[in-house]
Amino acid sequence: FCMSLLCDLQTQLFGVLLAAASNFLISVSLNIQKCAHLRLALRAEPKPCYRSKLWCWGIALLGLAELGNFTAYALAPIALVAPLGCVSVLGSAFISVFFLKKTMRTADILGGTLTITGIYLLVTFAPNVPQELTARQVQNYLVSWPFLVYSILEILIFCILLYFYKIKAVKHIMVLLMMVALLASLTVIAVKAVASMIALSVTGKMQLTYSVFSVMSVLMATSCAFQIKFLNQAMHLYEATVVVPINFVFFTTSAIISGVIFYREFQSAALLSVFMFLFGCLLSFLGVIIIAKNQKEEHLKIPFIDCGHIPGQKLTGKIQPDSHCSCYVLYKPINRRNNTGTRNSNTFLLNIFKCTLNSCMLMNHSIN
């Protein structure tokens, strides 16, 4: 019994380390993709992102990280793997300070400290449950009364939210991210089931022939696809500094609840362990919120003559600096009627002169 418990603890610890490393790798891959997009924007002749080697490396790292996360769900409880998504936010802040040379603020230090403390409490007081999950166990969990009641409530809430989203055209961030969280709870249930059955099959205990494996695979793919749809909608309508912390809190909460109800992860846990685990979740939530709220884009600290405010014909197909952000924008031609041909000609020459001046400023700023 002691050897079996020790083996379970070692497996769970490996799953924790794998999840943490995978989430950090996600932050690295996203920063690599961002760097690739910025380099492509500076090119005189734009090309698709998939033709950039740097962007392809970023996508490859992202795929590897998601594979690691998928494997971690087979090795550790959902209640432990899901909150470790905060490592990705912490990793992005680390990369921004040490590699992108952004200024470290007091909020970053406070948020990082709270997040690390929360992770320590999560790992220390996480539920110790057997990680060997067979297809027959998944079948029994699917028809259990707690999960059936939970599923009915979740479907009702989702239908109400979907009614407001589709019929009433309510695009509030809480509506969108609550739908994402409800779908995410099904996703993590299916991911753990599929990953565990694959892991057992690799060791020689074939589980892939059971029909429940196909059911959970379809559930995983479907819920994940709709989850991405609503999350993209939220990212399109709201700032990332608002979406990221709210989505993390909602996703983690729904994942923990689904793990408790479906896989009964806290069934034999002591009250103190449950309290300290929830306290660790709260600290990680606060840390992510503080870090994300202070992740604002830095403006270019050089003066610009904004070509967008010059009357007349704008330059067609030229990448021009935008004074309100640190990126380049491609202005589309806008035809305007002028009173005289002389005014149109003079304005066009003024456009060329001022945009040339902006380009010189940018080159000088980049050299310095």
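From the backbone N, Cα and C atoms, a Cβ is placed for every residue, glycine too.
What TrEMBL lists as transmembrane segment is 13-33 (among others). Beyond the transmembrane segment (13-33), the same-chain residues lying 6 or more positions past its ends with a Cβ under 8 Å from any Cβ of the stretch are 54-55, 57-62, 64-69, 71-76, 80-81, 84-92, 94-95, 99-100, 119, 123, 126, 131.
According to TrEMBL, the feature transmembrane segment maps to 54-74 (among others).
Taken from TrEMBL, the feature transmembrane segment applies to 80-100 (among others).
Sequence annotations record features per position, and here TrEMBL assigns transmembrane segment to 107-127 (among others). If one looks beyond the transmembrane segment (107-127) by at least 6 residues along the same chain, the residues whose Cβ comes under 8 Å of a Cβ in the stretch are 12, 16, 20, 76-77, 79-80, 83-84, 86-87, 89-90, 93-94, 97, 265-266, 269, 272-274, 276-277, 279-291, 293-294.
Per TrEMBL, the feature transmembrane segment maps to 147-165 (among others).
Annotated transmembrane segment per TrEMBL: 177-202 (among others), in sequence order.
For the transmembrane segment (208-228), the list of distant contacts is 135-136, 138-139, 142, 180, 183-184, 186-187, 189-191, 193-194, 197-198, 201: same-chain residues at least six beyond its ends, Cβ to Cβ under 8 Å. Feature annotation from TrEMBL assigns transmembrane segment to 208-228 (among others).
Sequence annotations record features per position, and here TrEMBL assigns transmembrane segment to 240-263 (among others).
Residues or ranges marked as transmembrane segment by TrEMBL: 269-292 (among others).
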Paired segments the transmembrane segment (147-165) and the transmembrane segment (240-263) in contact, 3+ CB pairs under 8 A: yes
